[in-house]
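Participant: For reference, the structure I am asking about is given below.
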Amino acid sequence: MNRSPSYDGLVFTISDLAREGSAKMSLMARDYLNGGSMDEQTSGDNCSAYARYRLRPRVMVDVTCIDLSTLCLSSRVSFPCGIAPAAGHGLAHPDAEEGTGRAAAGKEVAMCLSTWSNSSLEAVAASTAGRVPLAQQLSLVKDEDTNLQLIRRAEAAGYRALFVTVDCVYLGKRVNEQRNGFSYPGHLKWGNLPHFNPAGSLETAVGWMEYETKGGWETVRWLKGVTSMEVWLKGILTPEDAELAVEAGADGLIVSNHGGRQLDGVPATIDCLAAIVDAVAGRIPVHLDGGIRRGSDMFKALALGAQHVWIGRPAVWGLAYKGEEGVRLALNLLEEEFRIVMALMGCRRVGEIKREHLALMGSDGMYRTLESTGKAKM
Ligand SMILES: Cc1cc2nc3c(=O)[nH]c(=O)nc-3n(C[C@H](O)[C@H](O)[C@H](O)COP(=O)(O)O)c2cc1C
Ligand SMILES: CC(C)CC(=O)C(=O)O
């Protein structure tokens, strides 16, 4: 049976939410939150790539009972879509990440908080009242004490995992931000880094960041040694790096290109996924973010082997549109669409979604199952 979200007459899809949420933001905030880097090839492809994969439904299956729930960070969540870390929710709404946290708790989905959030990690943990698994995104900054303090605070507040971002050693060239002279409004704070002042360009923030790239994969081993939280890597795009991440002891991977905001020209995340899943071969969980705008996009990512997906911009659009209620609307829309796709695909549980449920368009315009294109072995 379909369970419809309470439509408000204006927003029926995430694309409607993008339009309505964006209309509520200043040009500077909108361009920052919505934009990608350089020519925005990757941020556009992240979304359009899903259409290259088509669905192969199985019929005559009894789908009267469908269970969308799954595990994320060892906890049961209502459906396999969580909220990705995005800096500066305060640009979208005064409730900032606490509004997002309340919506995540209400919907029983996982949330990952950005290092560069406006609400503090403690306030976000309180907003979810321990009802959902939380991860803390970690941007390693120059100062080791700052990193350690953030890790200790996240542990104390009950966060389960660190999502260490590995694709942001330099800030991608974001032309909109340069054109608009983007800077954080003075009234917003970095909730997790109270001694840093957010006012100023993003380059200033990244200047503090200056990742410990010289540590390379040893950084993962170091983090594993200093925290009891799981250590996940966010921003893996190749099977080679996936293999190194497993060898270094990572507890999980997020196939991500930072929403196309970092290196423009990398493939859509959905196109990178199968090869990484095959390389990891079940040793650790693989998740995906980037361009998820429909329940069918979620289904396709799960069919290619992701166990769970994350949304960045759709949550921010929801927050800009109506605060907590808007984020809940974003999640309701995706949940409703995912349920319909599951039913029409003949899947009763998330575990029944398989690669055989997809076909890929070849250069001759014909659709073939993934095995016959070799895509699964990319
Ligand atoms: C406004 C904005 C800020 C972001 N800030 C961060 C961040 O602080 N740390 C991080 O690891 N990723 C950050 N991301 C990337 C997201 O975590 C995620 O990878 C991306 O948004 C997924 O793509 P989607 O927006 O198409 O869902 C940000 C994304 C956006 C849109
Ligand atoms: C402060 C920034 C580095 C946050 C970020 O990751 C982004 O804007 O994509």
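The backbone N, Cα and C atoms fix where each Cβ goes, glycine too.
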Participant: If I go by TrEMBL, which of Arg174, Arg179, Arg348 binds glyoxylate at the same site as Tyr32, Arg261?
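Facilitator: Candidate listed by TrEMBL for the same site: Arg174.
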Participant: If one measures from the C-alpha of Tyr32 (glyoxylate binding site) to the C-alpha of Ala87 (FMN binding site), what distance in angstrom results, rounded to a whole number?
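Facilitator: Cα-Cα, rounded: 10 Å.
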Participant: So if I take the binding-site residues (Pro85, Gln137, Arg174, Gly312) and measure from each Cβ to the nearest atom of ligand 1, which come out below 6 Å?
Facilitator: Pro85, Gln137, Gly312
Participant: If you count other Cβ atoms within 10 Å of each one's Cβ, which of the binding-site residues Ala87, Ile292 has the most?
Facilitator: Ile292
Participant: Any of the binding-site residues Tyr32, Ala87, Gln137, Arg174, Ile292, Gly312 with a C-beta atom under 6 A from ligand 2? Give them in order, or none.
Facilitator: Ala87
Participant: Rounded to a whole number, how many Å is the Cα of Ile292 (FMN binding site) away from the Cα of Arg261 (glyoxylate binding site)?
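Facilitator: Rounded to the nearest whole number, the Cα-Cα distance is 15 Å.
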Participant: Have a look at the recorded positions Arg174, His258, Arg261 and say which one has the shortest Cα distance to Gly290 (FMN binding site).
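Facilitator: When the Cα distances are compared, His258 comes out closest.
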Participant: Looking only at C-alpha atoms, tell me how far Pro85 (FMN binding site) is from His258 (active site, proton acceptor), rounded to the nearest Å.
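Facilitator: Their Cα atoms are separated by 10 Å.
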